[in-house]
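Quick look at what Swiss-Prot lists:
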| type | residues | note |
| --- | --- | --- |
| BINDING | ARG100, GLU170, PHE217, GLU218, GLN219, MET220, GLU221, GLU327, PRO328, SER329, VAL330, GLY331 | substrate binding site |
| BINDING | 202-204, 212-217, 287-288, 331-334 | ATP binding site |
Amino acid sequence: MSKKIDQETIVNHFKNYGFVYQNSEIYNGLANAWDFGPLGSLIKNNLKNLWLKHFIYSKKEMHLIDTNIILNPLVWKASGHIDNFSDPLIDCKECKSRFRADKLILENTKEEINEQTDSDTLIKIISDNKIKCPNCKKSNWTEIRKFNLMFDTSIGVVDDKKDLVYLRPETAQGIFINFKNIQRTQRQKLPFGVGQIGKAFRNEITPGNFIFRTREFEQMEIEYFCDKKDSPKVFDNFLESIKTFLFKTLKIHENNIKIIDYPKEELAHYSSRTVDFLYNFPHGYSELWGLADRGEFDLTAHQNLSKKSLEYLNEETKEKFVPSVIEPSVGVERLLYAILIDAYDEEKIDEENNRVVLKLIPELAPYKFAVLPLSNKLNDKAEEIFNNLILSNICTYDSSGSIGKRYRRQDAIGTPYCITVDFDTLEDECVTIRDRDSMKQIRIKIKDIDLSKVQELFKNAK
């Protein structure tokens with residue numbers, strides 16, 4: 001991203017090109033809910049695959065799991081979500097607007113608060129600082145009430161025998177409760193990790209900022225189990241691995257990221273160390289990726305309530321202990337939003353022409369190639385090339401409009417390479433390939449069209 005862009009520009013661009021659609025649009029939509037269109041679905045899957053390759057598939061001690069969205073409600077009792085997973089809400093008596101009390105304080109004062117700060121302290125800070133309603137500018141507040149963020153539902157077919165259950169607010173707990181199963185069936189010794197990609201649900205009071213904060217979202221989480229004495233080293237290793245993934249693999253600009261290592265007084269109750277990666281979104285710097293040392297908190301909590309041992313036996317020392325856990329956690333949509341913002345650019349080509357270009361790495365791009373016949377008379381040859389390419393690469397076919405307009409369309413959706421089929425192609429079996437970022441062109445044999453080979457050719461041509 002060459003300059004700061006506003007959210008409206010980003011949203012309009014990705015809606016217009018089929019990355020996202022407003023959820024339930026024909027029924028006037030559902031607030032802050034989005035469906036991923038054809039291009040958004042492709043790039044989302046590409047992102048998940050890159051995460052899996054970097055964090056899971058490339059390491060022998062890493063395992064993948066896919067747990068249920070609905071778990072026994074005792075899971076959420078043990079984890080503390082039923083009692084503590086809530087936002088402090090406060091209402092303006094004048095205009096009836098509702099806000100998170102902690103957000104009001106953070107946005108209007110320099111007071112230091114955290115998730116352990118009680119309601120009495122929060123209301124005193126609001127009163128002492130005479131914080132006004134952002135909507136009507138009055139200062140007439142209700143008491144603070146706690147609002148649990150979990151969606152509840154019921155299972156069972158008979159009304160008076162239905163059981164209360166919850167849609168999971170995070171994927172982590174499904175990993176914790178399967179710790180023993182994974183360790184036993186995979187014959188795994190410490191240290192080892194378990195990753196999961198899956199849906200989570202939070203009844204957010206203030207969702208918004210496009211796909212940054214929604215009530216339904218996907219998480220990519222890892223719980224890495226280790227001996228407590230090894231946890232600092234494991235933590236630092238994940239810290240470097242996340243940096244490598246963001247800056248080397250995804251090519252996100254480092255100047256758009258802040259890395260915050262929180263002091264102990266600002267840590268969550270379960271964490272002994274937390275580092276957040278903040279991205280410079282259109283609405284400001286906000287959390288992109290979290291890395292936490294959760295210690296023995298989760299396994300101990302589940303062991304205590306379930307009365308089942310979640311201890312690990314060191315076969316060499318015969319010592320039994322509850323493992324420590326290091327957790328890197330990122331939201332798929334949030335990371336995707338950062339990638340799209342970072343890749344979006346508006347360029348001036350000459351005095352009369354501009355272009356919007358999405359400078360995605362080829363591994364993320366929805367399509368790697370676009371096949372563009374110069375004339376309808378070349379469709380048969382172009383379709384032959386397309387059909388061969390589709391077997392090994394995701395590609396698209398575009399025969400509508402001038403070649404210049406087709407180039408611009410592919411630039412705007414992030415296609416790295418356009419393959420132009422011209423009349424000479426019928427004679428020499430060669431095509432012209434255009435590079436998205438440099439707009440340079442090279443001519444190669446059809447049989448030589450391969451993503452890695454094309455990348456190398458343009459690299460050497462620069």
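Heads up, the Cβ atoms here are built off N, Cα and C, so glycines get one too.
What you see is a predicted model, and the numbers here were worked out from it, not measured in a lab.
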Let me know how many other Cβ atoms fall within 10 Å of the Cβ of PRO328 (substrate binding site).
24
GLN219 (substrate binding site) and VAL332 (ATP binding site), Cα-Cα, nearest whole angstrom:
6
Hey, how far is VAL330 (substrate binding site) from ARG215 (ATP binding site), Cα to Cα, in Å?
15
Those binding-site residues of ARG202, GLU204, LEU288 having Cα within 10 angstroms of PHE217 (substrate binding site):
ARG202
State the Cα to Cα distance, in Å, between LEU288 (ATP binding site) and PRO328 (substrate binding site), rounded to an integer.
11
So, three-state DSSP: helix, strand or coil for ARG202 (ATP binding site)?
coil
How long is the line from the C-alpha of ARG215 (ATP binding site) to the C-alpha of ARG100 (substrate binding site), rounded to the nearest angstrom?
16
Cβ atoms near ARG202 (ATP binding site) (within 10 Å, other residues, all chains):
20
Rounded to a whole angstrom, what is the largest C-alpha distance between any two of the residues ARG100, GLU170, PHE217, GLU218, GLN219, MET220, GLU221, GLU327, PRO328, SER329, VAL330, GLY331 that the record assigns to substrate?
27
Between the Cα atoms of ARG202 (ATP binding site) and GLN219 (substrate binding site), find the distance and write it as a whole number of Å.
12
Just to verify a number: CA distance, GLU221 (substrate binding site) to GLU204 (ATP binding site), in angstrom, no decimals.
20
